[in-house]
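Visitor: First the structure, then my questions, so here it is.
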Amino acid sequence: GDLMAIIASESVIPTSAVNDTIIPRMGYTILAVIIGFFSVFGIILSMNVIVVTLKHRQLRQPLKFTLVNLAVADLGCATFGGLPTMVTNAMGYFSLGSVECVLEGFAVAFFVIAGLCSVAIIAVERCMVVCRPVGSVTFQTRHAVAGAVIAWVWSFLWNTPSLFGWGSYELEGVQTSCAPDWYSRNLANVSYIMCYFLLCFALPFSVIVISYTCLLWTLLRKVTKLKMSEGGSTARAETQVACMVVVMVMAFLLTWLPYAAFALSVILDPNLYIDPVIATVPMYLAKSSINYIIHLNKHAVPFLLCGRNPWAAEAESEDHMAPEQRWDILGSKSSPSTQKNYCNTNHRKT
């Protein structure tokens, strides 16, 4: 009861009518369609990863636990953040109450930071296994569980203070969703936002960049050696993995840097005016930051296609590689036996 009273007293009172002074009514409808598409697509992909991993024992390996953890975080973000925002945009205003505003802001921040920490942990795991900075590492279940627990506990520790007065949640952008209050000049709020920015974005971002830089450097060196010694399919496979590393990091930067830059700009210059529509763009990029590159992998796609493997030719070439040459950098490789059992239906030749 006391917690709800604090939340209600410190939160904005949502409007109860379409505010067409910000954007026209059609603009809200367009935003609803956009966020709805990304949310539904993200839910499908995340559920796909979770179901496939639970269904096939071959995939329940320590290095893939964090991928499932990331899928759970993405699922929570799309469900508790994307879908409510789609509804409020469709209505043209934030139709929920003050308490719901805070709970929505907390839920989105909680799942988003847990997902961000999961990406950082994935980066560290791959770096430890491939680059071997501390020697050969046998990645075990306890390591995977510890990584998942760290992601959720870290997110919980830094998102709950706003529920008790250190920081707050307010409507943002076009006033149809809630987020941490970047604008308040209250000393407690500013101190919280600075800590939040440094420890929940800058820290995992630095870990990701450093780990993947080491990983990419190691892969490129191995590709050069393979081209000189063996060449062929092995070198091509390593090059593809290196490219996927670059694409995943670039996708992360595209979705998160605009929002981080926006938040930091508002913190450093309280008098800075940013048009609500422009402020909405980085917010939607961050909310749509489902890790499609990770989720659309070689486990998920054959499951969706009921056993038809679009990478059949590549899989055949990989059969000629030595086991130690088959990298599992992003959890995107699967064995032929796994790929053949994604559906229970029998496919007859016509």
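The backbone N, Cα and C atoms fix where each Cβ goes, glycine too.
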Visitor: Labelled transmembrane segment by TrEMBL, one stretch among 3-23, 66-86, 297-317. Can you tell me which?
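Guide: Going through 3-23, 66-86, 297-317 one by one, TrEMBL gives transmembrane segment for 66-86.
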Visitor: Take the domain 'G-protein coupled receptors family 1 profile' (45-295) and average the pLDDT across it for me.
Guide: 82
